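TrEMBL has this to say about the protein:
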{"type": "DOMAIN", "residues": "7-147", "note": "domain 'Lactate/malate dehydrogenase N-terminal'"}
{"type": "BINDING", "residues": "Gly12, Ala13, Ala14, Gly15, Gln16, Ile17, Gly18, Asn106, Gln113, Val130, Gly131, Asn132", "note": "NAD(+) binding site"}
{"type": "BINDING", "residues": "Arg93, Arg99, Asn132, Arg163", "note": "substrate binding site"}
{"type": "DOMAIN", "residues": "157-325", "note": "domain 'Lactate/malate dehydrogenase C-terminal'"}
{"type": "ACT_SITE", "residues": "His188", "note": "active site, proton acceptor"}
Amino acid sequence: MAQAPVNVTVTGAAGQIGYALLFRIASGQLLGQDTPVRLRLLEVPQAVKAAEGTAMELDDCAFPLLKGIDIFDDPNSGFEGANIGLLVGARPRGPGMERGDLLKANGGIFKPQGAAINAGAADDIRVLVVGNPANTNALIAQAHAPDVPAERFTAMTRLDHNRALSQLAAKLNVSVTDIKKLTIWGNHSATQYPDIFQSEVGGANGAAAVDDEKWLAEEFIPTVAKRGAAIIDARGASSAASAANAAIDHVHDWVNGTPEGDWTSAGVVSDGSYGVPEGLISSFPVTARGGRFEIVQGLDINAFSRSRIDASVAELAAERDTVTELGLV
Ligand code: NAD
Ligand code: LMR
């Protein structure tokens, strides 16, 4: 029997990331070449026309797996029956806007979207928040979906993970496929901590292979953590194709599993592992099996890593305090 299409809701569908993402979903790269998809595009009313243009282009690709496209400007309709929600649309920081203002503006987006997911999404809904500040936006959406298991809400740090893989591969002159068990900890922000102490490169320890703490502290970590800002500076717009690529990787691995002998990084609800306060959506080393992310347990965290993880987690806790004070969670 032919498989029923999977409903994929994409918010911010007319934006830059949306444009880089939708064609890859429709071509089968998100869920695999056996899985038909139906796209549900959610936009603000003034961007619906642009989304219609993208939908015309999607039609013009004649993707065999694409079984339909619907466009909405209301979250309740947009998330009706959704199996996968890619929450990309967010309010960017404007001139003179404080972090609290940004969190408040995004609360106005992610609160109703969380409620709409709670009200109408399919029972197996899985949510990836890409729109920044991604971890706290995911927390807001999750707080308004009390009937959905909290673990179904995740935030994207896969782009940071991929950036770290690339930087380490270049340093050691190896292929990215030679590197395993790299981790992004904490927030998708400049405080994030890309950790190579657990990593393996061709079977040897990655940090030992680098053997250069100055490079680690002064080049690798800041390059990965500030890569988003460097791209904005160079392109005049934030990363789009690489962000879309990371979203594809995140959901693909969540649904299909991570490779044996490796793990990836994702912002998931903390169960208190590694001293990260329960309930925060923080990046961890994760494996995926049977459609579930599991936090990798039992890693030894050295003092260098501990202080950096703690700093990023403190930022997440402060963001949670702010949105709690604003009544958003
Ligand atoms: P963009 O401005 O090109 O597009 C955003 C789109 O979202 C716009 O079309 C806008 O109309 C739409 N939108 C705004 N509010 C909406 C709402 N309530 N419902 C539905 N749609 C809404 O931005 P972009 O370059 O596509 O980036 C999107 C977000 O992703 C930004 O917040 C950006 O900072 C973030 N981002 C995250 C990562 C990551 O690694 N987590 C990486 C890159 C970018
Ligand atoms: C990125 O990491 O490229 C983005 O999150 C940067 C941004 O602020 O949009």
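Cβ atoms here come from the backbone N, Cα and C positions, even for glycine.
Bear in mind that TrEMBL entries carry predicted annotations, made automatically and left uncurated.
Because the structure is a prediction, the values reported are computed rather than measured.
TrEMBL feature annotations superimposed on the structure.
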residue : record                       : Cβ within 10 Å
Ala14   : NAD(+) binding site          : 24
Gln16   : NAD(+) binding site          : 17
Gly18   : NAD(+) binding site          : 25
Arg93   : substrate binding site       : 15
Arg99   : substrate binding site       : 15
Gln113  : NAD(+) binding site          : 27
Gly131  : NAD(+) binding site          : 25
Asn132  : substrate binding site       : 20
Arg163  : substrate binding site       : 22
His188  : active site, proton acceptor : 31
Extent of the substrate binding site in Å [max Cα distance among Arg93, Arg99, Asn132, Arg163]: 25
Gln113 (NAD(+) binding site) to Asn132 (substrate binding site) - Cα separation in whole Å: 15
Gly12 (NAD(+) binding site) CB neighbourhood, other CB atoms within 10 A: 23
Average pLDDT across the domain 'Lactate/malate dehydrogenase C-terminal' (157-325), rounded to a whole number: 97
Listed binding-site residues with Cβ under 6 Å from ligand 1, out of Ala14, Arg99, Arg163: Ala14
Residue pair Arg93 (substrate binding site), Gly131 (NAD(+) binding site) - Cα distance, angstrom, rounded: 11
Pairwise CA distance, Gly131 (NAD(+) binding site) versus Arg99 (substrate binding site), rounded so that it is a whole Å: 14
